[in-house]
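Swiss-Prot has this to say about the protein:
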- 30-33, 51, 87-91, 415, 479-481, 495: ATP binding site (BINDING)
- 532-547: compositional bias 'Gly residues' (COMPBIAS)
- 525-547: region 'Disordered' (REGION)
């Protein structure tokens, strides 16, 4: 086991503060509309330019192991805030640095760190309650666009395109971000349910120019097994032919004479059909077939529920207004399923999302919700160079997270004002002793810090602005982008409540742990053995080896 170095008390705390300051100082230059960029070196390719706090934090690794521990603790604040709210990472870092800095002064003065921590926790609980009172629902498209713009560093174009995407696919819809091919941002929307399986034979194509099979008001047959024998299919094909409607078959696979017969019937115009493989694999395939059945008002023909292909009736088939089948995708538009049944299915999948343990499962379940509840929107980010593309894409993703958070928990005035407005309520909270009161004071001071940093990044005098904003009430604040004072909500400077709340809670949580640290243990750096660094000429460099 390698030898360890142990530091205690003030020596340990000083190292932690140094690490916290290095990371926080690098991150906080990005805060606000006039925040600066940070350039991150890459071992290959062009460097990355970013204004995203968590991206900067993740890059920082310090040589001194004790300082590095401090930096890693604050990195955790940024990462946790990014995971829960998707934005607010820089605010969280600024808050954590302030709480640690102020707190260490009180610890050095001889106060009890545990009581300071309890005071900090009381203040944060009070501030969160006050934030909830300040919060108002984010419902209009205009507000969604404003939240998106602020999160994307005052880029109104990004805010607009996100609001448009949410309008099209609903608040539950999936919005994905991809690299575009031009200079402009583009929005593609897929309405209805789309899954990544295309036609099994090009002979099903009905529109030669678009290369798709378009079925108007079709029946949908869902089967969880492979279909090879045409005899199994004949009864249902005859019923569909009598009804005079097209048929889409979704099964594990369709091949052999079954596929050949369907193709021949299609070419001759006897019965318009199309066959596709069921999406997904294993249990996920069963679940997705069930989703399609609920969406189209049909039933999955499966042996385990006592249904067979030969005995299938028209009532077992699903229906839709239109289905388009391409080479790689199938889109079901306006399925005939019962709205209440669809809502119940969505609620059931949401419950599974809450219980899902892996991010992959959660993502796949979220996609299923979107396909049932809304649709899928694709934002294609346009840029002139790859470096700009990466930076812009990261901002779009940030803005997307922020707008989702705003829809979830509402919005508060932005620009660091929401935290300032909680100061009155928090200052009335009393601790159990003098040290706890000091803990509350630490948070009161920290809650000014985001606004101070925004103003500092603009090149203005922070104390003057903070005092002027404190004199105002409600949504009155400082718009750093224009340098004006006024009603921030009217100006469109908004923050999601969830982002502000998460930033404060996560910052206080980690800062509290740092303040109550009294000993640190780290591995001693390995010393090079003598002679190991010498040249290899005549094997002289091997002097450190035992022969």
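Using the three backbone atoms N, Cα and C, a Cβ is placed for every residue, glycine included.
A count of other CB atoms within 10 A of each Cβ picks out 88 as the most crowded of the binding-site residues 32, 88, 415.
In sequence order, 27, 28, 30, 31, 35, 53, 78 make up the list of same-chain residues 6 or more apart from residue 90 (ATP binding site) whose Cβ falls under 8 Å from its Cβ.
If you take the C-beta of residue 480 (ATP binding site) and look for same-chain residues 6 or more apart in sequence within under 8 angstroms, you find 32, 33, 34, 415, 454, 455, 457, 458. Here residue 495 (ATP binding site) comes close to 88, 147, 150, 402, 411, 412, 413, 414, 415, 418: these same-chain residues lie at least six apart in sequence, with C-beta atoms under 8 angstroms from its C-beta. In three-state terms derived from DSSP, residue 495 (ATP binding site) belongs to an extended strand segment. Under the three-state DSSP scheme, residue 90 (ATP binding site) falls in the helix class. When other Cβ atoms within 10 Å of the Cβ of residue 51 (ATP binding site) are tallied across all protein chains shown, the result is 21.
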